[in-house]
Amino acid sequence: MSWGIELWDQFDNLEKHTQWGIDILEKYIKFVKERTEIELSYAKQLRNLSKKYQPKKNSKEEEEYRYTACQAFLATLNEMNDYAGQHELISENMTSQIIVELVRYVQELKQERKSHFHDGRKAQQHIEMCWKQLESSKRRFERDCKEADRAQQYFEKMDADINVTKADVEKARQQAQTRHQMAEDSKTDYSSILQKFNHEQHEYYHTHVPNIFQKIQEMEERRIVRMGESVKTYAELDRQVIPIIGKCLDEIVKAAESIDPKNDSQLVVEAYKSGFEPPGDIEFEDYTQPMKRTVSDNSLSNSRGEGKSELKFGGKSKGKLWPFIKKNKGATPEDFSNLPPEQRRKKLQQKVDELNKEIQKEMDQRDAITKMKDVYLKNPQMGDPTSLDHKLAEVSQNIDKLRLETQKFEAWLAEVEGRLPARSDQARRQSGMYEAQNAPSVNNCAQDRESPDGSYTEEQSQESEVKVLATDFDDEFDDEEPLPAIGTCKALYTFEGQNEGTISVVEGETLYVIEEDKGDGWTRIRRNEDEEGYVPTSYVEVYLDKNAKGAKTYI
């Protein structure tokens, strides 16, 4: 089967068909391009969805992700990021392996098609020109034959007329001969051109057209094969990401299977356990006897001691009802005495750990200064060792202050652990030494904390005996862990932080850097534990600690 033989007379239709083939290829390219845009859009939406539900850093929401069910949800969010990445990969591969390649191929195809049809039109024009020459010679031969016939008839008429002179007859005879000769010449020319045309026509229909149409056929078949390969690539690129997507889904299933309801229930206990013992039975109080009301040791109310007047609030003593009373949003006592025992223990333990970290930092700084001083002593040309004495004394003083602070909190912690039900020896802190060293401060803060029945009570001044401290437990334990410092900065200019989230600085002031500029022109800094915010990056000179890895480092 050959187009040159079967379709020798369908030049125009072949031209239309090959153009249609290119249009189909360009339509397929457009389809794949729109598919890549959909994949990118889908991936972006998946990433935004995952980001939207990610827990915020240093927030109560992040603390909730200790529970295995929340961890499974978080794993799902993380896997959705990888899932989105595979759709981005599909878009990238389809662009590079299909769209780019086909666009280049279409340009080459258009040039090849243009060349083939140019050759076909050139062959058509040549055969048409030969045809016109043939027609012209044929008409000339016909005209000369007619002229020769008329000249011959005129000569015969002149020759038969006796009134015509011999000269006129001779002239007519010569004219007839001339016309006959012209007719013979036209005949010879027509015959020659006819033979030439037949040869050219044979070459055109049996050589030129088949060759040109064969090239066009091969071009069109290559286009079809190329499109088929592209469709196959389209499917293969989708198939390539299926294993990775399957792994993402497997990880989600694995996270779901790791959900442990018992563990989550235990976390709830650890988070909200107050440490109180349930109240005992209420004894019968006989009002028929003219005697002073007695108060049972196991009653929901108790006295603070013998001879002390009974304090009531709405008919109930505040000591035993403490776990059930809402607390106000007032200032938190330093020893966290407004919290239930278990929660107070956790807060005190956290405070002790923080102070120990601060002590370790100061000790590291003291060691560094001491080493530097030794270097100065051995090499005086490098610096004056006495210049470091002030800094060394300041650091040592800070260490002493922190140790005293730690002893105070450890004493409170030891007291609370003594009030709680028996704990393991490993979990119970031994802080008797700190209690002995800080007995006055401990007694001032922890006096009269145990009622006669051993329950945990709150000592208040005479004026506040009839008041109830109310602080919402739900918000009491949500202290956010501050971000670690990653360096320091010096304010180059004064900045008035009037907008929410900003902080005011004074020219020349030195502060801690806790978050670098993310490209938006703002740097997050801290003055102290309660003051932090953003300032324009151009307003400060930043000195980052290259060794900082998640821990606050002072430069």
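The backbone N, Cα and C atoms fix where each Cβ goes, glycine too.
In TrEMBL this protein carries:
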type	residues	note
DOMAIN	1-264	domain 'F-BAR'
COILED	155-186	coiled coil
REGION	294-314	region 'Disordered'
DOMAIN	338-415	domain 'REM-1'
COILED	345-372	coiled coil
REGION	422-464	region 'Disordered'
DOMAIN	484-545	domain 'SH3'
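When the domain 'REM-1' (338-415) is classified with DSSP, helix, strand and coil residues number 72 helix, 0 strand, 6 coil. Cβ atoms under 8 Å from those of the coiled coil (155-186) belong to residues 137, 140-141, 143-145, 147-148 of the same chain, restricted to positions at least 6 beyond its ends. Per-residue confidence over the domain 'REM-1' (338-415) averages out at a pLDDT of 86.
Across the domain 'SH3' (484-545), the DSSP tally of helix, strand and coil residues reads 3 helix, 32 strand, 27 coil.
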